[in-house]
Amino acid sequence: MKNIRNFSIIAHIDHGKSTLSDRIIQICGGLSDREMEAQVLDSMDLERERGITIKAQSVTLDFKASDGETYQLNFIDTPGHVDFSYEVSRSLAACEGALLVVDAGQGVEAQTLANCYTAMEMDLEVVPVLNKIDLPAADPERVAEEIEDIVGIDATDAVRCSAKTGVGVTDVLERLVRDIPPPQGDPDGPLQALIIDSWFDNYLGVVSLVRIKNGTMRKGDKIKVMSTGQTYNADRLGIFTPKQVDRSELKCGEVGWLVCAIKDILGAPVGDTLTSARNPAEKALPGFKKVKPQVYAGLFPVSSDDYESFRDALGKLSLNDASLFYEPESSSALGFGFRCGFLGLLHMEIIQERLEREYDLDLITTAPTVVYEVETTAKETIYVDSPSKLPPLNNIYELREPIAECHMLLPQAYLGNVITLCIEKRGVQTNMVYHGNQVALTYEIPMAEVVLDFFDRLKSTSRGYASLDYNFKRFQASDMVRVDVLINNERVDALALITHRDNSQSRGRELVEKMKDLIPRQQFDIAIQAAIGTHIIARSTVKQLRKNVLAKCYGGDISRKKKLLQKQKEGKKRMKQIGNVELPQEAFLAILHVGKDNK
């Protein structure tokens, strides 16, 4: 056991985590040169296309250190994006140490800080690594000072390396073996294994990634899931070298995969403890904090025949992604679907893309909303995650919206732009600290504004230099109203949005104008209105298409023409009473972009 090292790699987006993982795998000979490819751990197509890591991946490698010993390294490559920070905290729970990778050109950014604090809270040994020293813009001395100033860990002898060229990566491994402590645990005690991650394999059922804390797990053992009390047979187990390799046992301190032929998706939830049925452990390991979704949206299959397969797909995906929340929902405009909760807009996009690609579904998404706390006049408190669930205005005593605490790190030059943006988003400044050339800003901004497009706007006003980390702070009373969209005097529930009263006029008008461009012209006039309660705040009309009924009259009597026009008018009127308006998918997506184009 003393030769096992478990560690994660944490860093801000694009500071080179996945490239460093590639080099480590190459140096330790996990894959032959022929099998090696860039970002070998980002196995999902989506990850490669976007160049981001979404799922944490684990690898077991052997490393022969300069002291002659061979060490077993279990390492987990983690995502850097703020929407996936729960993946990071789960990975860290399985480790004793973490490599904090910082780009020697960019310096410390908000996510570096957030992930590092998560690691420190879990009492992990943090080893700073300065990456990308081959870049002409690299300034390792300045960045080492920044790490000490902002993060507060000693970085005077931080390892310097370039993951791209491979310089200094061996030093990283040597430092790692020296500084990160071996796992603690009792190899002879009762088995306790923590499930770090699971995914669904069509042939094997549920595959779980586990970290053995105490005891040993052998092939063929009877395994008991502590939260459900179910017992299963350990059919196959092994490690990733990134390839799946079978082993006969997993020892104390190791990280590996396990297949128990669990067919039920909820059979082995992430964060649960596995123990042996013969000699069970007395208590479960502390699991993970449940993450609360911040953004909710309705997902509906385009054809209602897909509902069953959509439900199965969501089940399989939620096994792999513990933070996805979903419940059935029906809408008069869109039929049956699910109300899903996500950690942020990127998370929502990724989930939708994964459902469409991996499970071959066609989906319609409604506008994302956050959770509001509503106190009714009957003094009840309810939580509303969709505009259609909001009680009527005269039943609401107080409506409170969620406030997010946003920590931003940015160069001084962009301070003015960013402050202007925060004020526009109804933000309140709570703190501002200068660290050399960097400024750390803390703002309290309504969550609805943060999840909409704050991140994109922050990046564009600061030319990509500002970085953001946010978390939910509290609910605060606010003057929010629901803007309904009426098409030919019928409310379309899927198009409603909740917004602040100050912005409601402009949002309503903008939405109506957008809808006017997107709804195709029909044989009759379509009135599109935005309303707060019964008060109409904006209207526009999609003009009807009409046939020229006078084409066949050459000159002739005016009363003949009047008769024809009158007849057409009556026909249109009758059509309007019974006609339905087909809304294209773009119309539902229009709400997503309200408030973006005019800035």
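Using N, Cα and C of the backbone, Cβ positions are placed for all residues, glycine too.
These figures come from a predicted structure and were not determined experimentally.
According to Swiss-Prot, the feature domain 'tr-type G' maps to 2-184. Mean pLDDT for the domain 'tr-type G' (2-184) in this predicted model: 75.
Annotated GTP binding site per Swiss-Prot: D14, H15, G16, K17, S18, T19, N131, K132, I133, D134, in sequence order. Packing around D14 (GTP binding site) is summarised by its Cβ count: 17 other Cβ atoms lie within 10 angstroms of its Cβ, all protein chains included.
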According to DSSP, collapsed to three classes, what secondary structure does S18 (GTP binding site) have?
helix
Quick one: among the binding-site residues S18, N131, which has the most Cβ atoms sitting within 10 Å of its own Cβ?
N131
Tell me the coarse DSSP state (helix, strand, coil) of I133 (GTP binding site).
coil
Can you check which residues sit near I133 (GTP binding site), meaning Cβ under 8 Å from its Cβ, same chain, 6 or more apart in sequence, and list them in order?
A104, P140, R160, C161, S162, V167, G168
Cα-Cα distance maximum in Å, computed over every pair in D14, H15, G16, K17, S18, T19, N131, K132, I133, D134 that the record assigns to GTP:
17
Proximal but sequence-remote residues of the same chain as G16 (GTP binding site) (Cβ under 8 Å, at least 6 apart):
V101, D103, N131, K132, A163, K164
